[in-house]
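Trainee: Mind having a look at this structure? Questions to follow.
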Amino acid sequence: MEKLGVEPEEEGGGDDDEEDAEAWAMELADVGAAASSQGVHDQVLPTPNASSRVIVHVDLDCFYAQVEMISNPELKDKPLGVQQKYLVVTCNYEARKLGVKKLMNVRDAKEKCPQLVLVNGEDLTRYREMSYKVTELLEEFSPVVERLGFDENFVDLTEMVEKRLQQLQSDELSAVTVSGHVYNNQSINLLDVLHIRLLVGSQIAAEMREAMYNQLGLTGCAGVASNKLLAKLVSGVFKPNQQTVLLPESCQHLIHSLNHIKEIPGIGYKTAKCLEALGINSVRDLQTFSPKILEKELGISVAQRIQKLSFGEDNSPVILSGPPQSFSEEDSFKKCSSEVEAKNKIEELLASLLNRVCQDGRKPHTVRLIIRRYSSEKHYGRESRQCPIPSHVIQKLGTGNYDVMTPMVDILMKLFRNMVNVKMPFHLTLLSVCFCNLKALNTAKKGLIDYYLMPSLSTTSRSGKHSFKMKDTHMEDFPKDKETNRDFLPSGRIESTRTRESPLDTTNFSKEKDINEFPLCSLPEGVDQEVFKQLPVDIQEEILSGKSREKFQGKGSVSCPLHASRGVLSFFSKKQMQDIPINPRDHLSSSKQVSSVSPCEPGTSGFNSSSSSYMSSQKDYSYYLDNRLKDERISQGPKEPQGFHFTNSNPAVSAFHSFPNLQSEQLFSRNHTTDSHKQTVATDSHEGLTENREPDSVDEKITFPSDIDPQVFYELPEAVQKELLAEWKRAGSDFHIGHK
């Protein structure tokens, strides 16, 4: 891995039992004997299982340095180092011949090699772009490709090998040769099914490496084996720009060649420390150690997994990576000890992330801030906080609108103060900003009203349990309950993660009810069932709850069940709006329910409605309603909020409503002004049911289409009004804007 301060992600092992190696070998021997008189072709292609898989691990040579040499060919034959801060994070082989090593201090590298050419590699953009080009190229050979950082990929060639073997004739199978090296110079048995499969895999691996060089100018090593663990280990035996195939009989030889258990991919720093405390240092120690004692110390699943890894057993599948599930930018440094310095670094990281969001096209819905405090230990612990991104900010992300910088920096600094007591001395060595929960919104080309009436997004995209992987982050394999402490602040909106290496990249959302759970016969009068089905589930619940309360309270009740729901029901009926009196006090209660957040733990900054500017739209609607209550004549109504409820739902979801780009206050509150210096006053009269919002200019008069209620129109948020006007204009409706 080439990224500064980041270790390779562990592959991990599956917990499923593999078939016994000796029994499988005997079975193969029986198959070979029975088929010896039938020719080789008939015995090939047994049912694929763990032992018959063909996995390739591709590892690019000095990746960052190669990208720099491709960019500037004059550097090709010179000793080259890629510098990040005070370290040479990687160097080409010319520099390595002269004594320069990866992660060497710049000063030491210059002493070793005075003619060393250094290039700045702190901007990862070009490396990232080239990395994805490599992955896309490998996907042309097999669709099952798993990224491991920038410079490594796993490719599952099992199906491709199957197809090639089916195309070969019997005499051609006997002439199959290996491409590259065979580990330990083991002899090849062309009557062995597994040998033939791995040989074909080596030929495909050679084709992939040739394509990488011809199309991208990159060289790399490859390892061909029956699982990810062995493929990764064997790929580094012959370097650079070479490949090696591992036959099953040499598996134990490769495993025992490792000098220490921490060289086994999948065994991290903490687990290695625990094993060392038990007297386990070598692979053989781990193989022969008592399973019961190991399970007692590490837990059953971890103990079984790492003991299987020590025998070279790894059932973990190659996981199709697809688009990245998160974007992160990080910066490591010797010392950051002031809030101003931290803010400057966060702004730099955020600017880079915003560019990546523009290029990707998806919109992140969660932001995470990660810090690393100074520690004398070799492996530092990381802490993180994350929270949802307000919908009005999401609307601007990816549009190139840098007005989003200010609210995003505000959010990140609030997260920062929840981890760091800025009133006390602190010493940080790393800051990282991560955008996750990326969603490709189909509404990007649709109007806001279209979004309300379109079929709802799949449950997996809006709710349920999501797992987001940070591919460049090292995740320990120690039991999660021992390793990670996730505590939710009282608000439930900010998630805290503390790990030895990196945050656990998981976000939980409340599970939505299926639409079919709601009886359509209980809908309020005037509500179209088909339109109702397309509404977000929480709005459906609100409408139904209002209907239910109306039924039980009776006609003589003073309360009005659908006060805050009038904005929703206005989409169904004109008349219904005029029949419902309004009590702003109800809405105020609901608004406070959204904005108020319990204070944080002692020593950190509190999150409250006054400091959380990002929890509402650009104007503070709760504050506005408070002031309006002082000035307006308000009829008495129930003290209990009647319309907008967040009970029995995850605050992470409910605090920012499911409507995109609109806050709940914007949708359900009365639009309060058309001029920043002027407030309109609601009256108790019939006309006061909706505020008398004027067109943007006193010289403009809008003539609406015949089926549009002007009162309902002026109830909509300004962004929706503008979009409707634009849509009507494009559609050539019978409306016009007159100028006096």
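Using N, Cα and C of the backbone, Cβ positions are placed for all residues, glycine too.
In case it's useful when we look at the structure, here is the feature table from Swiss-Prot:
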type: REGION; residues: 1-21; note: region 'Disordered'
type: COMPBIAS; residues: 7-21; note: compositional bias 'Acidic residues'
type: DOMAIN; residues: 55-268; note: domain 'UmuC'
type: BINDING; residues: Asp59, Leu60, Asp151; note: Mg(2+) binding site
type: BINDING; residues: Asp59, Leu60, Asp151; note: Mn(2+) binding site
type: BINDING; residues: Tyr64, Arg96; note: 2'-deoxyribonucleoside 5'-triphosphate binding site
type: ACT_SITE; residues: Glu152; note: active site, proton acceptor
type: MOTIF; residues: 527-544; note: motif 'Ubiquitin-binding 1 (UBM1)'
type: REGION; residues: 581-615; note: region 'Disordered'
type: REGION; residues: 671-704; note: region 'Disordered'
type: COMPBIAS; residues: 672-702; note: compositional bias 'Basic and acidic residues'
type: MOTIF; residues: 708-725; note: motif 'Ubiquitin-binding 2 (UBM2)'
Trainee: Provide the three-state secondary structure of Arg96 (2'-deoxyribonucleoside 5'-triphosphate binding site) computed with DSSP.
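Mentor: Going by the DSSP assignment, Arg96 (2'-deoxyribonucleoside 5'-triphosphate binding site) falls within a helical segment, counted as helix.
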Trainee: Need the DSSP three-state call for Tyr64 (2'-deoxyribonucleoside 5'-triphosphate binding site) to compare against my parser.
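Mentor: Once the DSSP labels are grouped into three classes, Tyr64 (2'-deoxyribonucleoside 5'-triphosphate binding site) ends up as helix.
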Trainee: Using Cα coordinates, what distance in whole Å links Tyr64 (2'-deoxyribonucleoside 5'-triphosphate binding site) and Glu152 (active site, proton acceptor)?
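Mentor: One finds 12 Å between the Cα atoms of these residues.
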Trainee: Could you say whether, by DSSP, the residue listed as 'active site, proton acceptor' belongs to a helix, a strand or a coil region?
Mentor: strand
Trainee: For a quick check of understanding: among the recorded positions Asp59, Asp151, Glu152, which residue's Cβ has the most other Cβ atoms within 10 Å?
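Mentor: Checking each of Asp59, Asp151, Glu152, the winner is Asp151.
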Trainee: Let me check the 10 A CB neighbour count of Tyr64 (2'-deoxyribonucleoside 5'-triphosphate binding site). How many other CB atoms are there?
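Mentor: Excluding its own Cβ, the number within 10 Å is 28.
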Trainee: Around the Cβ of Leu60 (Mg(2+) binding site), how many other Cβ atoms lie within 10 Å? Please give the count over every shown protein chain.
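Mentor: 26, counting other Cβ atoms within 10 Å of Leu60 (Mg(2+) binding site).
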Trainee: Far apart in sequence but close in space: which same-chain residues, 6 or more away, have a Cβ under 8 Å from Arg96 (2'-deoxyribonucleoside 5'-triphosphate binding site)?
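Mentor: Set apart from Arg96 (2'-deoxyribonucleoside 5'-triphosphate binding site) by at least 6 residues yet with Cβ under 8 Å, there are none.
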